Amino acid sequence: MVNVGPSHAAVAVDASEARKRNISEEVFELRDKKDSTVVIEGEAPVRTFTSSSSNHEREDTYVSKRQVMRDIFAKYLKFIGPGLMVSVAYIDPGNYSTAVDAGASNQFSLLCIILLSNFIAIFLQCLCIKLGSVTGLDLSRACREYLPRWLNWTLYFFAECAVIATDIAEVIGTAIALNILIKVPLPAGVAITVVDVFLIMFTYKPGASSIRFIRIFECFVAVLVVGVCICFAIELAYIPKSTSVKQVFRGFVPSAQMFDHNGIYTAISILGATVMPHSLFLGSALVQPRLLDYDVKHGNYTVSEEQDKVKKSKSTEEIMEEKYFNYRPTNAAIKYCMKYSMVELSITLFTLALFVNCAILVVAGSTLYNSPEADGADLFTIHELLSRNLAPAAGTIFMLALLLSGQSAGVVCTMSGQIVSEGHINWKLQPWQRRLATRCISIIPCLVISICIGREALSKALNASQVVLSIVLPFLVAPLIFFTCKKSIMKTEITVDHTEEDSHNHQNNNDRSAGSVIEQDGSSGMEIENGKDVKIVYMANNWIITVIAIIVWLFLSLLNVYAIVQLGMSHGDIS
């Protein structure tokens, strides 16, 4: 028998501890290696150790991606506003009238026209954003600057007709809502709608207002828009249980039913009510305050003290407006703002505007279709039916939504009229005088109609106004497509100092002829002037967008030809 002494036991323990230390060191060494794993097997269950550096990298990547998404979302929130303002043009009282008529005569089959109109509206509004962002001009000022005088005045005539037709719909719709809700006579209702004129006349001053005030103004309009959406979300809960959801969704697919009961004429009315001409001027103008705010904050655009001294005879408001109208965005501002402006507008139109228009038609189609009241149905009729067949609250909520739409649309239409007159004509008047004269041009026909015609003619006047809007639409879309396709207009300049160039670029620049422009993949060029490079970046439409724009214009024009022929054959009877 061998006796193991204390020294031998100590040696055995030391050897065991050393072995454990070696294993631990190997484990930690393997942990530090990227994407390495180690498995230790013993009496205990198998344990796996994954590289800690890999875990940290994955965690850092996740955190960085999450931070990027937060930054993108925070930046997007800064651009919310113009899309809501433009969306008002697509949920005005004219939409109520045409959608009610479509639902009563064709039930849900014309939902596909609303969807198509929404896509066309988004496409055209993106062109408006592009024009306003690159040139710093709204559509009316671009017409005055780049078109012959006679053509500019012709387009001004069509634009003013569009504003007047829109005002007629807004005023009549608001007057009807006030008449039903609080029993206000129609002429008095028209007079009440003039209040929003003074609200705009004395508050909305794009050149003299800060970006913060403009955002507050946008929030005011946004509250009205959200109120309309809430009303129709509640309204849909009141529709008959027998309404087939499958049949509703089938309406988004073209069918033969859409041609029944003069459906093409109704479709043209929907197109005119959805793709509003005055929204083209509005969309191209609303993008500019954020561009200007970016350039002012980054020191890219200022008015010198010398200029202020020269202009001291002018009022502060006139100086600020002149600064605003002379502004041209820098390339940095365009890159920062344009994409987010397009995304914000597209999301708003494809959610809020599409939902409201479809909801109006679904409510009308589920309550009026195949009913004795369907023939000649108007806003009064649908209120009576909703109140009698569904619930009194249903009719009240519908009229409340109409009132909110009329008020918000009246505000936006006043802004559009101001943009049109100041852009096309460039009146040499005080700003408040221009706004008052602009509104008087539009409000007088509304007063005449509200006083002289009865309830039976109101629906026809509303639908006719939407057909007028559809007819003038191609004339106002044409210059928008022309401007955004022309490289000499859709361009911006970037100035680069030679001293900041490296030797290789400096040598290449010396080989260029002074004053020459060199094309770079058709999108940019370089011009040398006073020892500095002026890089020209072209942002005109590519051939795909150009083809789509031409197809849209031809489609609108063909529909207008059909509408004019139908009016001629029916001797002006649009019933």
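Any Cβ shown, glycine's included, is placed from N, Cα and C.
Keep in mind that what you see is a predicted model, and the values were worked out from it rather than measured.
Under the heading topological domain 'Extracellular', Swiss-Prot lists 1-70 (among others).
Feature annotation from Swiss-Prot assigns phosphoserine to Ser24; the stated evidence is a large-scale study or a structure entry.
According to Swiss-Prot, the feature ubiquitin cross-link maps to Lys33 (among others).
Among the features that Swiss-Prot reports, ubiquitin cross-link is placed at Lys34 (among others), with the record citing a large-scale study or a structure entry.
Here the transmembrane segment (71-91) has long-range neighbours at 118, 121, 125, 166, 214-215, 218-219, 221-222, 224-225, 228, 274, 276, 278-279, 282-283, 286-287, 290, 337, 340-341, 343-349, 352-353, 356-357, 405, 408-409, 411-413, 415-416, meaning same-chain residues at least 6 beyond its ends whose C-beta is under 8 angstroms from one of its own. The feature transmembrane segment is assigned by Swiss-Prot to 71-91 (among others).
Swiss-Prot lists 92-108 (among others) with the feature topological domain 'Cytoplasmic', giving sequence analysis as the kind of evidence. Among residues of the same chain six or more beyond the topological domain 'Cytoplasmic' (92-108), those with a C-beta under 8 A of the stretch's C-beta atoms are 114, 166, 169-170, 172-174, 176, 247-248, 250-251, 257-258, 260-263, 266-267, 269-270, 272-274, 276, 356-357, 360-366, 368-371, 373-375, 377-379, 381-382, 402, 405-406, 409, 413, 459, 462-463, 465-466, 469.
Remote same-chain partners of the transmembrane segment (109-129), defined as residues 6 or more beyond its termini with a Cβ less than 8 Å from a stretch Cβ, comprise 86, 90, 99, 102-103, 139, 248, 251-255, 257-258, 260, 263, 266-267, 270-271, 274-276, 279-280, 283-284, 287, 338, 341-342, 345-346, 349-350, 353-354, 357-358, 361-362, 477, 480-481, 484, 541, 548-549, 552, 555-556. Residues annotated as transmembrane segment in Swiss-Prot, with sequence analysis given as evidence: 109-129 (among others).
If one looks beyond the topological domain 'Extracellular' (130-156) by at least 6 residues along the same chain, the residues whose Cβ comes under 8 Å of a Cβ in the stretch are 280-281, 283-288, 291, 325, 327-329, 333-334, 337-338, 341-342, 419-420, 422-426, 475-476, 479-480, 483-484, 489-492, 539, 541. Taken from Swiss-Prot, the feature topological domain 'Extracellular' covers 130-156 (among others), and the record attributes it to sequence analysis.
Annotation source Swiss-Prot lists transmembrane segment at 157-177 (among others). Within the chain carrying the transmembrane segment (157-177), a Cβ under 8 angstroms from the stretch's Cβ atoms is held by residues 89, 92-94, 96-97, 140, 184, 186-187, 189-190, 192-193, 273, 276-278, 281, 379-380, 399-400, 402-403, 405-407, 409-410, 413, 416-417, 420-421, 424, 441-443, 445-446, 449-450, 458, 461-462, 465-466, 468-469, 472-473, 475-476, all 6 or more beyond its ends.
Marked as transmembrane segment by Swiss-Prot: 180-200 (among others).
Marked as topological domain 'Extracellular' by Swiss-Prot on the basis of sequence analysis: 201-218 (among others).
Marked as transmembrane segment by Swiss-Prot: 219-239 (among others). Long-range Cβ contacts of the transmembrane segment (219-239) within its own chain (Cβ-Cβ under 8 Å, at least 6 residues beyond either end) map to 80-81, 84-85, 87-88, 91, 352, 355-356, 359-360, 362-363, 366-367, 386, 390-391, 393-394, 397-398, 400-401, 404-405, 407-408, 411-412.
Residues or ranges marked as topological domain 'Cytoplasmic' in Swiss-Prot (evidence: sequence analysis): 240-266 (among others). Note on the topological domain 'Cytoplasmic' (240-266): its mean pLDDT in the predicted model is 83.
The transmembrane segment annotation in Swiss-Prot covers 267-287 (among others) and is backed by sequence analysis.
What Swiss-Prot records for 288-344 (among others) is topological domain 'Extracellular'.
Annotated transmembrane segment per Swiss-Prot: 345-365 (among others), in sequence order, evidence recorded as sequence analysis.
Counting residues 6+ beyond its ends, the transmembrane segment (345-365) has Cβ neighbours under 8 Å at 82-84, 86-87, 90-91, 95-96, 99-104, 106-108, 110-111, 114-115, 118, 121-122, 125-126, 129, 225, 228-229, 232-233, 235-236, 239, 243, 248, 251, 274, 283, 377, 382, 386, 398 in the same chain. Long-range neighbours of the topological domain 'Cytoplasmic' (240-266) within the same chain, counting only residues 6 or more positions beyond its ends whose Cβ lies under 8 Å from a Cβ of the stretch, are 98, 101-102, 105-113, 115, 362, 365-367, 389-390, 467, 562-563, 566, 574. For the topological domain 'Cytoplasmic' (366-396), the residues of the chain that approach it from at least six positions outside its boundaries are 93, 96-97, 100-101, 103-107, 173, 176, 180-181, 235, 238-240, 243, 402, 455-456, 458-459, 462, 575, judged by C-beta separation under 8 angstroms.
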